[in-house]
Amino acid sequence: MASCTIGFIGGGNMAASMIGGLIANQWPAEKIIVSDPTAETRNKLQQQFSITTADNNQQVAEQADVIVLAIKPQIMQQVCLALAESLSQKQSVVISIAAGITCSALKSWLGDSISLVRVMPNTPALLGVGISGLYAQGTSAEQKALAIEVMSSAGEVVEVEQESLIDSVTAISGSGPAYFFLLMEAMEKTAQQLGLNQQQAAQLVQATANGAAQMAKQTGLDAAELRRRVTSPGGTTAAAINQFIDEDFIGLVDRALHAAEKRSIEMGEQFANQETL
Ligand SMILES: NC(=O)C1=CN([C@@H]2O[C@H](COP(=O)(O)OP(=O)(O)OC[C@H]3O[C@@H](n4cnc5c(N)ncnc54)[C@H](O)[C@@H]3O)[C@@H](O)[C@H]2O)C=CC1
Ligand SMILES: O=C(O)[C@@H]1CCC=N1
């Protein structure tokens, strides 16, 4: 498997995170190629990871066995139409990580015979501690296994049986790091108002977030029980939790995550079959 070349079309934030995960997992740098129109992006990736870069997508389509489409949903149609011929000739496995864009839209641009896997990763892939939702349509068992193996370099992989669940994964774990970062930002801001300096605030918040995640993962206890164990009756945690509950924090999270899922579905509709430029 390590003999296979992975190509990224688009070398932005998510591609860089995935490449970081691959390299950290000993994927040979000479077996990774990325195309991006921005010279600055290419130079940065080259310097950081010593991988091959290209200023045109065709080169990646021709050289790679697994192609990760890591471009914005808005330009997916235009890029896919331009690559359709070379990708179908080479029988590559194509992994799309774009939010919203459905297999049926991708197949209408790349051809029905394409081996397609839709994946929703997240940025902690950079450290190999990401998680991806994966949905394979019309791929052989070997091709799906290859896609799972590639994505495993970025962290855990959860396979879903229905394509619509990729919108749910997007709302939970694809966008999810940003929700935790927002909470961290808010906690760090208040920590400073409470007299701690910036470095102390960041250290306290980061270690707390990490400790809470590790406890949830390693104890096997559910989040509600872990929360109860911190919350002494009449104590400080109860004072904060009561404030959260009185101000409908649970409802707010529910509405925010539904907004993300809805946007993923909308983007699929909005960017499918646009008038070609
Ligand atoms: N950032 C995230 O946390 C996640 C992003 N995604 C998906 O990953 C995809 C990329 O998102 P980001 O990396 O955040 O965006 P980004 O804007 O950081 O990266 C996109 C890259 O594509 C390049 N590009 C523009 N036109 C191109 C073309 N014609 N051919 C090749 N490359 C081109 C840009 O120069 C840029 O470097 C999106 O579809 C997004 O939905 C999925 C999961 C998480
Ligand atoms: O915000 C977005 O649309 C992408 C998809 C998931 C995370 N970032």
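Quick reminder: no glycine exception, Cβ is built from N, Cα and C everywhere.
Note: TrEMBL annotation is automatic and uncurated.
What TrEMBL lists as domain 'Pyrroline-5-carboxylate reductase catalytic N-terminal' is 5-100.
There are 27 other Cβ atoms within 10 Å of the Cβ belonging to Ile9 (NADP(+) binding site). The NADP(+) binding site annotation in TrEMBL covers Ile9, Gly10, Gly11, Gly12, Asn13, Met14, Ala70, Ile71, Lys72, Pro73.
Taken residue by residue with DSSP, Asn57 (NADPH binding site) is part of a helix. Annotated NADPH binding site per TrEMBL: Asn57, in sequence order.
Per TrEMBL, the feature domain 'Pyrroline-5-carboxylate reductase dimerisation' maps to 163-267.
Checking the binding-site residues Ile9, Gly11, Asn13, Ala70 for a CB within less than 6 Å of any atom of ligand 2 leaves no residue at all. Straight-line distance linking the Cα atoms of Ala70 (NADP(+) binding site) and Asn57 (NADPH binding site), rounded to a whole number, equals 11 Å. Long-range Cβ neighbours of Asn13 (NADP(+) binding site) (same chain, at least 6 residues apart, Cβ-Cβ under 8 Å): Thr123.
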